[in-house]
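As annotated by TrEMBL, domain 'Ion transport' applies to 135-394. Feature annotation from TrEMBL assigns transmembrane segment to 134-158, 192-210, 231-251, 257-275, 296-318, 359-381.
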């Protein structure tokens, strides 16, 4: 019951009352230390009161709980060395990491905890000592891997076409070699080494990604932008395309260019994932993700309707015309592709002035130009501008969350020998087996003195203003002007009395 009450207090809107009641309940806890403590009992979701405060973004309760956990090591003048307990914060030995819970929650208030002590210092220590070097090395390794895969695709086994052309529009010159003909020369063996590296890399990607999907869940793993959800979809699809290409090569199936081209596009687009390791480029990746999976996905539905309608109209108009004079609409798939190019203004309106064009072509193209170019493209630009404005106001906060998510991801995937535990063991100071982070804090006494003066003067001004407001409310309509003048006089008097205090504050500063 006591543990349930603690979890309820964390969710209370009155944070000051919740903190006092929290201390009162813990004062009656018989097992204040050890596994039987009320603070260490999780709820049905596996969250202790401390983790629940982080997930809900309750910064007041989080700071209160951290003050209970800290140990003052020594103090000398304005310098103070504090040991903060990071047992539940550090993701090194936690199955459900506190840092991972914060970045995976949808509440923006939770990300503000990443800017508080000691979370900010712990993340900075992990990222600067281990996270950034490992992440940069992983980015370099992935780029070299993609260069190897690209070279294998560029020099894939092809041979000249031997069959006769069946159509004047047939432009094929080379065809794919059979498996027995693909690995004969020395260059083929060198390409085989690159292809084996590519396939092994695809298998490693699947082996590393699938356990995280099963642990977190597909909806949460792919749906969180900060966790890199869209990029996880891209890299898993890329690995699948590589395996499909391998199967088609082994079975001598024609058409391997389809999965191979998809893999090239997805593989190189995934390089943008590594931009999150740099403060200058990290926020832009989030903007791109939100624009693609937010604005662009909604816009594509409208664009598909417009393209289908006008492409069908163009095809019907030119269905009875000679395709050699205007080949952009000679069949329905080509009409769809041409209309898509016209929609994005990639090409101008196709027209052959040597022949008579149908009158309806001019009418339909006029309507298409108004709707597509003037209306819908400007609508897309306005939507993306609004998304850019919203993300720009929280780009630093989002980048810090990206750094935390990347650090936790690297810490889970790398061996323990490459990632030693951060902090200091409590046995060195007689504090048990808990781990602590040592932080030096400088306390400026003048700063606190100034803050006391400021609060006192503000309270005095507030009291004078409230008294003047009460007089104004009780006065009648006939004495309104007199009361207003009296109020202004009392407020000017209060300003004069508080002005003397502000001068004392300035001299002390």
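One is the number of the first residue shown, and numbering goes on along the chain from there.
Every residue gets a Cβ built from N, Cα and C, even glycine.
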Annotated stretches the transmembrane segment (257-275) and the transmembrane segment (192-210) touching (3 or more Cβ pairs under 8 Å): no
Same-chain residue ranges lying at least 6 outside the transmembrane segment (359-381) that approach it to Cβ under 8 Å: 295-296, 299, 302-303, 306, 310, 313-314, 317-318, 339, 342-345, 349
Integer mean pLDDT for the domain 'Ion transport' (135-394): 83
Positions whose Cβ lies under 8 angstroms from the transmembrane segment (296-318), at least six residues beyond its ends: 326, 329-332, 335-336, 338-340, 343, 358, 360-361, 364, 367-368, 371-372, 376, 379-380, 383
Distant-in-sequence neighbours of the transmembrane segment (231-251), which means Cβ under 8 A and at least six residues beyond its ends: 149, 179, 182, 195, 198-199, 201-203, 205-206, 209, 221-222, 259-260, 262-263, 266-267, 269-270, 272-273
